[in-house]
Amino acid sequence: MNFGCVLRCCLFCFCASVFFFCFCVSGTAERSVLAYFCVVRVVRGVPLCSLCWLVSECCAVSASSFPFFCIACFCVLLPCFGGSAAARPASTQGAGAIIGGLVAKVNGNGALAVLLDNDRFDPAVPREMITLSEGRSKFISNEKFQEVLEWVKSAGVDRRSDQESTSCILFHRGWRADKLYLLDGADVHCLSHLNKSVRMSVLEKSEWERDQHRQKREQIKERMKEKEMRYVLTKYSGVFSACVAVLGVVSVFGWNFKNYKKQQRSYQLAIAASALSQPHSKRPIKDYVHREDEEQRLRQTLRQQDLFHPRILVFAGFYGCGKSILFRSAIRKEKMAAVFVDIRPNEDPLRSIVKSLNVQNIDACGDLLNFIGEASDRARKAMHGVTPLFVLKIRDGSSLLRIYNEVVALACDRRLCHVIIEVPIESLTIAMTALPRLDFHLVPNFSVSEAFRYTHHLIDPLELTHF
């Protein structure tokens with residue numbers, strides 16, 4: 001035994017005697033604890049100057065406690081000189097320190113890879129150095145440990161031994177599954193028994209979860225901010241502006257496209273067919289003077305029209321004899337679909353017919369005769385085979401001969417529709433009456449009673465428009 005060891009043992013005996021003396025004689029608990037602390041520090045190799053503080057604290061000890069001092073020295077020296085140096089750790093020669101740890105891996109040569117309690121990892125600890133073993137740790141069956149184990153599995157650790165050792169080390173160091181997203185490089189230094197790729201997969205898992213938690217926190221903050229209308233308006237002002245701009249562009253595009261569609265021939269043809277197939281209004285005619293006999297004859301003439309034997313009906317009468325209103329009443333009672341056309345002087349009859357069909361763009365119709373023919377064909381299909389009817393009213397200055405040349409192709413040649421012409425008897429000539437395919441009918445003037453009723457409707461005693 002060398003001199004240093006003897007000196008250390010002597011110091012230990014001295015400190016131990018001071019501890020027993022303070023505890024047994026002085027009765028001061030604080031001094032006893034301080035003395036014990038010094039004993040431990042001296043055994044672990046603290047310099048001699050540390051004893052100065054002990055002497056200053058214990059200088060009031062009575063001399064009558066000398067026997068206790070001797071007994072303490074004997075009790076302490078006996079284990080110091082009797083111990084074997086080989087049984088103590090090599091790093092603390094003669095210190096006698098014992099430290100706990102967690103076995104992370106069993107090497108092929110039987111040595112153990114142990115995570116010590118001081119956060120150091122010893123990759124090769126011989127089994128002879130193990131003083132006490134608890135066996136399988138109790139926290140293996142803990143529910144929280146199983147959550148940590150599942151997290152490690154999801155991190156990409158494949159080997160079962162690596163999964164269990166990693167989970168044990170992390171759980172032993174206080175990590176739980178709900179906080180594992182906080183792992184970083186400094187926290188996995190104790191996993192040195194694993195391959196670098198495995199450690200990196202664990203770090204990648206924690207980093208991914210950190211990003212997820214960060215995004216969730218940002219979303220929660222954003223939702224809290226969005227409760228204020230001012231923030232919403234500020235944040236989404238660009239979106240609102242873009243939506244308004246897109247809405248404006250779409251509305252302009254839709255308006256232009258709608259106008260473009262309206263200018264197409266197909267759209268104009270649909271309007272014309274709808275006008276031809278629309279039945280006459282059922283509302284009663286205001287201020288109408290009933291003429292039962294003439295109306296009955298006209299209705300019978302309308303029913304006798306045959307498309308296989310086409311004829312153009314010409315109703316002639318003097319000005320003001322009630323031709324137009326008589327036609328409207330008869331057609332309304334027969335529930336027929338008819339289009340009334342006013343043909344003015346120096347105007348194309350076919351163009352006037354197309355205008356009466358509510359067509360907006362006549363130039364898009366192309367050939368007017370073909371257009372009227374297609375519209376009549378569509379109207380006939382819509383009315384289940386009923387032939388449409390045109391009632392042409394000739395104004396002053398219009399020639400029946402010119403109108404006849406245009407409409408004879410519709411009514412007789414192509415047999416697309418029925419045509420009735422209303423003409424003043426004053427404008428008829430003998431040459432007109434000789435035209436083929438024309439049936440002339442005379443509308444008589446009012447009788448005295450009918451004329452009285454008619455003028456009675458027209459006279460307004462306040463306005464004196466008619467007198």
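Cβ coordinates are placed from backbone N, Cα and C, and glycine is handled just like the others.
The feature coiled coil is assigned by TrEMBL to 203-230. Note on the coiled coil (203-230): mean pLDDT across this stretch is 88.
Per TrEMBL, signal peptide is recorded for 1-29.
Taken from TrEMBL, the feature transmembrane segment applies to 53-78 (among others).
Per TrEMBL, transmembrane segment is recorded for 233-255 (among others). Beyond its flanks by at least six residues, the transmembrane segment (233-255) meets 226 of its own chain at Cβ-Cβ distances under 8 Å.
Long-range Cβ contacts of the coiled coil (203-230) within its own chain (Cβ-Cβ under 8 Å, at least 6 residues beyond either end) map to 151, 154-156, 180-185, 188.
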